[in-house]
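Reviewing the structure listed below.
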Amino acid sequence: MFRLSAALQLLLLAATGAQNNHGQVQVPGANIGPLLGQAEGGSPAGQQLLQLSQQQKQPPQQQQQQQPAFPAGGPPARRGGAGPGGTGGGWKLAEEESCREDVTRVCPKHTWSNNLAVLECLQDVREPENEISSDCNHLLWNYKLNLTTDPKFESVAREVCKSTISEIKECAEEPVGKGYMVSCLVDHRGNITEYQCHQYITKMTAIIFSDYRLICGFMDDCKNDINLLKCGSIRLGEKDAHSQGEVVSCLEKGLVKEAEEKEPKIQVSELCKKAILRVAELSSDDFHLDRHLYFACRDDRERFCENTQAGEGRVYKCLFNHKFEESMSEKCREALTTRQKLIAQDYKVSYSLAKSCKSDLKKYRCNVENLPRSREARLSYLLMCLESAVHRGRQVSSECQGEMLDYRRMLMEDFSLSPEIILSCRGEIEHHCSGLHRKGRTLHCLMKVIRGEKGNLGMNCQQALQTLIQETDPGADYRIDRALNEACESVIQTACKHIRSGDPMILSCLMEHLYTEKMVEDCEHRLLELQYFISRDWKLDPVLYRKCQGDASRLCHTHGWNETSELMPPGAVFSCLYRHAYRTEEQGRRLSRECRAEVQRILHQRAMDVKLDPALQDKCLIDLGKWCSEKTETGQELECLQDHLDDLAVECRDIVGNLTELESEDIQIEALLMRACEPIIQNFCHDVADNQIDSGDLMECLIQNKHQKDMNEKCAIGVTHFQLVQMKDFRFSYKFKMACKEDVLKLCPNIKKKVDVVICLSTTVRNDTLQEAKEHRVSLKCRKQLRVEELEMTEDIRLEPDLYEACKSDIRGYCSTVQYGNAQIIECLKENKKQLSTRCHQKVFKLQETEMMDPELDYTLMRVCKQMIKRFCPEADSKTMLQCLKQNKNSELMDPKCKQMITKRQITQNTDYRLNPVLRKACKADIPKFCHGILTKAKDDSELEGQVISCLKLRYADQRLSSDCEDQIRIIIQESALDYRLDPQLQLHCSDEIANLCAEEAAAQEQTGQVEECLKVNLLKIRTELCKKEVLNMLKESKADIFVDPVLHTACALDIKHHCAAITPGRGRQMSCLMEALEDKRVRLQPECKKRLNDRIEMWSYAAKVAPADGFSDLAMQVMTSPSKNYILSVISGSICILFLIGLMCGRITKRVTRELKDR
């Protein structure tokens, strides 16, 4: 009977994956009534069938030539009233003595007069309390056998199905009188369009499928297999005859078990396989025809699918949908699973799938003619072939797509429907995932294991899972993955409610909300488990595939959707795409705009988890275990790898480096950082954030606004971390790399670290500037970006690795409570400079020297004085910024904090002339001339504690400096006269005196020269010679110019205006004018001025007496003015005379020689 067409096996395998079918199979009773009704009403098919069933004038007799292999037994004994002499219009089953009691007990009275209705009623009885007697069973068996082989029934079939038979050549050629005609029509039932013929054959099918022995040819094909699998142990006798459906069920289980074993002990023969699958196909529309499943699930059908209309496989689908309900009986669940496994082997076992997709299978050549026999009917191939058409943009009917969705969901829901999973993952399932068989939990458990969260999985199992994910394609519709669907339902309802249900962008939306408050933990796990596989096959992201398939084919040499290349590693195509996504126009071969946007979207989403980057996880697995085993929180693993970049294996380092380089161009890849920085981006960087092409602008903006009030800790830490990573390689700063690439190759070859490149380039720029080179070696665009990088590095000591390494121990010792950032650590080190270790001290000194030459690099000064710079120095050059601020320091509009910071920098400058570039330039001739002795003792990179400046101050008092140097020293003297802290030598030598004699003045918030005045007044109380010398030097300086004596200048300001306005300031001219005015009795000075002048005269007089001689002239003057002048002169004269006398008396010391020897 069953000459299997080649297409059947292909459709079979596909059905294994569908888990949520809603169709149901027609129950025989559903059609019998109408047919009989039509028989009474006059339908030819109905009348003839009814008449035939009633025209059996005698009970069915045993026909030896047609007995099946397992005979039903001898004919029943003739009972009264059942023979030809029976009443009514012919022989009736209900009147047979052997069945009368059973019919009366089981069947409704209105069916008794119709043999087919009685037959249907009795053969569907399975309850123990209603069990049919053995004699009645035997009678029914022979009656059905006669029906299937009776030539009269065949003649009815030929009449009712005349046009159908002419269309189906196979049936027209069947021999007459052997029952093959009806069997052939049953075989082609799906192709019968004639209504009456279809109804007739449906009735006959119900009779034939009630017992495997009635299926023509089935016994011949499966006899040996029945014995081999021991499926024939169910004998007729006391048991229900209709349990013969168990034999077919047993064979089906043997068939699916064989597919799940590597080396099956028992193999079903090919002929029997075809027969089993064909029986399953023919019972696909009416679940009543699968006798084992019908009896196993009859109660469950009433419970779950009571309102489901029978026919076209709807009952099957409804039961599939409820397979994992708690109240589903275990025997029904097992029967449904077996049915689903058969669908996986032959898609035609699913009536609705085969019917809905028939035209599409033919249209896209997914049918028999194109494929090797082993694959043609498998559900997996059908799904892959049709999904490939969908992904290529071809039209597949909505009915077919709906069926595909159901069966893809079915495969994802129950791992046991995929023989490859059972074969390859049996050990892993037993070890890691036992007891998780329902609702897709086992598959997700295996996914979790593969992600490395619970152990390792074999490659075969991993490959089987990857294949299953491709077959089911849950990336196209999240609902296919039931475990994910249930876990993420709440998130979808809140975060993704604006997206249509089933849209592929739902998964994208979930990824965007990963690690947010809206995400729930269970959804997070299920999502990452699925994304792990999607990330390894670019085709599994339908939006990416649709928009990039052209680019992938052109640039990455990809295959079709359902073709794979074993030579291509996981994630290789996507890696290829993102390499081309960030190419410039000059580099060529770029992606289309749509594809580029998709690649960026996925990059942004997947960067949150290293496991979603196959190449990264593969190459860095050892390094992750070695360096980052404790970094388990979100995003920490990649940060950890970046932190240990120099320690990583070469392959891992290259991948991490490339990814970091990519991040520098498009920082939005750092999705967690972007999420943390969202408020700052919205407030300060929305312009650059909206740009489709980032090119490093967004990170630059975040760095510039890192210390805004709105900045949160997570964002600041993230930005700083990225800055620290950038220091490891100049390629990690995209804008710097693009602006200076050529300059680095030319001027700084073989230099990798960013800080070294910055130093190299900035040194070149500085040298060219100092040497006033006609043309800078560093290009203009590079110089501009170099300035940005230099400014960014000043913000955090960690961004200057050499300084940081040199000062680590000092930071722990003196700045342990100070936070990084805002240059706070650097400022702390400056304040504790005297206590620093030698190496750190030298580095800090070098830093200060650089900052004084270029104040814009002084982050703290620029930050504190930002508004004052805008107010007072908007036009000032970066190198003259501090000079400008100093000039406006005493303005009433000057901010106190900025003024304090300027004073700090002045104090620093006055500790060493090298920290004052203006002074250094103005006095470059004077310093070696007058202070050579100090310079010879000085060491590089250590302060001179103001010795050179003190030396120049003394020469200023003697009016011996050059005019430029004199101007600068005058400013320094004026400033230090107002604030003692600006005189390092005074601070150094008079610290005890200030603390003891002038504590109140020193504590004043505003320094206006009170401390200096206090020291002058208390000069006689000072015991320390060095301090006394410093005070005397101050007095000497003030004598040179009134401007350097703020107290005196303030007291005499009006007098200078009235009496000395015409006198040019400088070189003591105005001071001399005031002294003359004091001596002139005609001039009346202000009382305060007069008092201060008299005090100064006394001080100068005392200073002249006690001050040490600076030179020979000073020494001669001191002798001449000394009260012991005569005594000193006498001693000197006597000494000379004694020396002369000794010479006369002792003669020459050298030996006499002749003139000749002298002249020789």
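Backbone N, Cα and C define each Cβ position, glycine as well.
Taken from Swiss-Prot, the feature region 'Disordered' covers 52-94.
Under the heading compositional bias 'Low complexity', Swiss-Prot lists 52-79.
Swiss-Prot lists 80-91 with the feature compositional bias 'Gly residues'.
If you look up Swiss-Prot, you'll see 97-130 marked as repeat 'Cys-rich GLG1 1'.
Sequence annotations record features per position, and here Swiss-Prot assigns repeat 'Cys-rich GLG1 2' to 131-193.
The repeat 'Cys-rich GLG1 3' annotation in Swiss-Prot covers 196-259. The predicted model assigns the repeat 'Cys-rich GLG1 3' (196-259) a mean pLDDT of 71.
Taken from Swiss-Prot, the feature repeat 'Cys-rich GLG1 6' applies to 395-454. Secondary structure of the repeat 'Cys-rich GLG1 6' (395-454), assigned with DSSP and counted as helix (H, G, I), strand (E, B) and coil, comes to 43 helix, 0 strand, 17 coil.
Sequence annotations record features per position, and here Swiss-Prot assigns repeat 'Cys-rich GLG1 7' to 456-518.
The feature repeat 'Cys-rich GLG1 8' is assigned by Swiss-Prot to 519-585.
According to Swiss-Prot, the repeat 'Cys-rich GLG1 10' annotation covers 651-709.
Break the repeat 'Cys-rich GLG1 11' (710-769) down by DSSP state and the numbers are 47 helix, 0 strand, 13 coil. Positions annotated as repeat 'Cys-rich GLG1 11' by Swiss-Prot: 710-769.
As annotated by Swiss-Prot, repeat 'Cys-rich GLG1 13' applies to 839-892.
According to Swiss-Prot, the repeat 'Cys-rich GLG1 14' annotation covers 893-960.
The repeat 'Cys-rich GLG1 15' annotation in Swiss-Prot covers 961-1016.
Annotated repeat 'Cys-rich GLG1 16' per Swiss-Prot: 1022-1082, in sequence order.
Positions annotated as topological domain 'Cytoplasmic' by Swiss-Prot, on the basis of sequence analysis: 1148-1160.
Shown for the repeat 'Cys-rich GLG1 10' (651-709): DSSP residue counts in helix, strand and coil, namely 43 helix, 0 strand, 16 coil. Taking H, G and I as helix, E and B as strand and the rest as coil, DSSP gives the repeat 'Cys-rich GLG1 14' (893-960) the counts 47 helix, 0 strand, 21 coil.
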